[in-house]
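Under the heading ATP 1 binding site, Swiss-Prot lists 388, 389, 390, 391, 392, 393, 394, 395. Per Swiss-Prot, compositional bias 'Low complexity' is recorded for 603-617. Taken from Swiss-Prot, the feature domain 'ABC transmembrane type-1 1' applies to 30-318. Marked as domain 'ABC transporter 1' by Swiss-Prot on the basis of sequence analysis: 353-589. Residues annotated as domain 'ABC transmembrane type-1 2' in Swiss-Prot, with sequence analysis given as evidence: 663-950. Annotated domain 'ABC transporter 2' per Swiss-Prot: 985-1223, in sequence order. What Swiss-Prot records for 27-47, 78-98, 154-174, 177-197, 253-273, 286-306, 662-682, 707-727, 798-818, 889-909, 924-944 is transmembrane segment, and it gives sequence analysis as the kind of evidence.
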């Protein structure tokens, strides 16, 4: 990660812009809240005014009868002031919290809406799914923090500042002027800190955003990671990024501490100045002691208010930095805007499509031209098939017709009108897309089909699923249409997903139908029926088909052969066949390896299907079936409530063990830190006493105490940064340790764990980023705080009891109220911003899904539907935010009232004791100041400390991950390693169900033996469990009963990492990481370095070297998120090279060539044939040509192996399963 781009992220938006999205209600709330905040702020300087009066009342009238009466009046005024503060504080907090919650929710949904309306190029180049989710969960919390009650608090503090100075000027303008000189220093130190903190926090944010991208990529393709034992690599790149964040964190801590230290130096020097000059004023200008104290306290407390505004400023700056990226996106005008309602809307379209002189290159690779002057005419109502090599630009044609991209030059026309002139939403509504890797959303089957049409009825949805031949398998599911499909549709097999995608397109009833390899993942039976369904809906529609299986395209009216971005031939099947040397004939010849395979060719989904749920889950396994999902959901909240009491402090502290020396040092410095305020209390009492002494003593004492004040300030400058720095190191290291522990734990969980709804990549990413940071508040920060507070308390009590034990005891009885009040205020001050975490996890999953499958969202114009789902999931959050605002407001208001009443009682009691001659007024002040300043010190220290209540919940969720023992842990070093692997595999009496679907038995008593060096093909219908065999062999899951052996040793007894290294997996939807091609191939080595020679050898074997070398950056080309920058065939070849680099003893090919065109398939098949030599190979496939040459063909049906033998044997079994599957194909192709 380059430093450069971290630096760039420190831009911010102007503050007013945060409120850009408020409505009239918000404006009203903000006005009322601000009035409340101003009133509340002025209460504090008014209190100092009353304090001055008290001093004058008690000072000179030592033995006067009037003392109690004068003091009583002042005390009563204090109580009234408290009542006023109560109302003002309530308005301040409640209004600002409510409006903040409302506006943040609005920003969040606007951001998602903007993301959804961006053109596809934006996602190729600028934005990744992880980043969107990170910004929506992390950055909006920072924004909310900057525009909610922190603004109210800020206004309150500023009005304290202004009000204070007005009062100070009225009471003694000269002294005030002199003391004012310290304010610029204060402001400057505050400003400098805000700037540096912003920079550090922006860098930290950027590093974390990249780290959460690593999490999203790794967990989103956990099967690939596990299969290639890539856990270590993921860990090391994650650690590198969190280390960067740690460094920013420490820097931030030190700077904040330095800022506080400098501020306190300025405060205490201001008191020093006031004491010295105030003494002079009493002597020369006849000021009263009360007036001098009033001015001093007012000036300083007003300045303190300014200092207390610094955390608000920090929050504002962090919020402005977070908003910059989000607002930049919100304001980005997409090149192709779905929400733009301008443009033509016709009665209807005929559906004639023309590409005229199109030049085009993908935004992510602008220098590589895909088309240079490409032209193609598709008459309305006809079916045109595009054929050609992988990467020749067939799917690009479809992207251009859908207007995912605009051509660089040339035009795409429909009915002679340029696509750009149509209203985008309307024209996309006329186009139906079914693509090669169908994308489903984490919701029910019904909702997924419903994306095809706004407000579709259940009947329409059922009819569409019948047409797509999906009704049968849906009815078999326990919940039917209400079944949840999981993240990226992982709960369904490839064939099932594809049929739902087709039903979704059918429901749309489009004029133009785009089929991008639409039947490539289906088994023979489904394919025949789906093909019929497609044939039925293709009537009278313009259809564009991209297919590799040439048999699917024979009936097309026009076949266009594309080669390197040019049409080299065009015509019908029979016309093109006449030219024996033509490109089409050559492609066909490649596929006609022999007559039979040719006849069966149509079986794109030939003898088997897109596998049971195993391979597609290379995607990511998430939600389970809906009922279970709901149960699991309830269970986990219950669990978290039960557990939240159970995580002991010692347990968390143990994690900080390595930092004990730092913590001890920090604690000692922190203790010194804690004594500063109580000592300040004594000094202050001494100054009050000095002001009522004889002139010569007054002169001497005021000078002496001034010097002491300055020394106290110097101590603060040393102590604050040191404490903060030490605790930042300890806290930062703890966060870093927890993050890497958790991530390590999660990466090594068994694959089945990710099938649970709460463990989706989105949710885990959010947890790793938010929770780890919160735990820090429980250890370092809270230790630091406790030490400061204990030191303050002890010092305060010693001072108070030495002065006057009677007053001390009475004040002590009352002081807990100040403590409680301080605690409540801080609790509210910190805990206001609603705990957004859990509520947003669900909502971020919606966002995660939509952004991850943005093409599907765009092609079905489902943006508004996604927004609705998102808003629905956010409703409760806003409601609870409002509720919290009201409760916090009441609490905050009451706390002020209590504070003022307590002050009043203290002085009333003190006055009575002075009158009774039990004590003198100096001691009353000393006790009062020592104790109240201790309380102030404690609450002030606490107000700077982050809130630990959320930390407890976070600790529970973190420890739940750390404590969970992975059922199948690849770190486990125990287990045998075989010297020499032959490759005999035996599955004995296997029964198996997926945990998330315990009522669907996948295998019951399945037996299969595979001899070393044999190639075994698994065939069977879609969903019969073929891919599950592959998942079991890699120990993604363990069977419920029975056992699997390798060379006679049970898999569970072998070392897991070693076992996975013996197997090379190539799946149907290859998962590549957002990294270079080189890194993706080298990934096969499982964390060991792969040499350049090995990488090139592997890609040559996989027939990838040629296409890689032809790309501009060659092996250094970045493949994009989920490999989006490469075509299906190119991705697959990179995936095969990755498996080959591993030099595995056992090859697992799960539909490995289903996404390739004839030419690549032949070469890849050759490559696979070469690599298969002397290796045990298990093939899941539906193409007969692939299956026919297998040594053994095993037919999976109803959870058992129904038949096994060679092609010749099985084909001759009368009425056998295999024979009838083959027969099906022959009929299908004829």
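Any Cβ shown, glycine's included, is placed from N, Cα and C.
A Cβ within 8 Å of the Cβ centre of 388, 389, 390, 391, 392, 393, 394, 395, the residues given for ATP 1, is found for these other residues of the same chain: 396, 562, 1127, 1129, 1157. Counting every protein chain shown, 26 other Cβ atoms lie within 10 Å of the Cβ of residue 388 (ATP 1 binding site). Listed in sequence order, the residues of the same chain lying 6 or more apart from residue 391 (ATP 1 binding site) and placing their CB within less than 8 Å of its CB are 1107, 1126, 1127, 1129, 1130.
Neighbour density for residue 389 (ATP 1 binding site): within 10 A of its CB lie 22 other CB atoms from the protein chains shown.
Counting residues 6+ beyond its ends, the transmembrane segment (78-98) has Cβ neighbours under 8 Å at 29-30, 32-33, 35-37, 39-40, 43, 46-47, 50, 148-153, 155-156, 828, 832, 834, 881-882, 884-886, 888-890, 892-901, 903-904 in the same chain. In the predicted model, the domain 'ABC transporter 1' (353-589) has a mean pLDDT of 85. Contact counts against the transmembrane segment (253-273), taken as Cβ pairs under 8 Å, peak for 662-682 among the stretches 27-47, 154-174, 662-682, 889-909. Tertiary proximity for the transmembrane segment (662-682) is limited to same-chain residues at least six positions away from its ends with a CB under 8 Å from its CB atoms, namely 264, 268, 271, 656, 712, 715-716, 719-720, 722-723, 726-727, 729-730, 780, 783-784, 787-792, 795-796, 799, 926, 929-934, 936-937, 940-941. Annotation: 390 carries the greatest number of neighbouring Cβ atoms among the binding-site residues 390, 392, 395 [cut-off 10 Å, Cβ to Cβ]. The number of other Cβ atoms within 10 Å of the Cβ belonging to residue 394 (ATP 1 binding site), over all protein chains shown, comes to 26.
Under 8 Å from some Cβ of the transmembrane segment (889-909) lie the Cβ atoms of residues 40, 43, 47, 54, 58, 71-72, 74-76, 78-79, 81-83, 85-95, 97, 807, 810-811, 814-815, 817-818, 820-821, 824-825, 827-828, 924, 928, 932, all in the same chain and six or more residues away from its ends.
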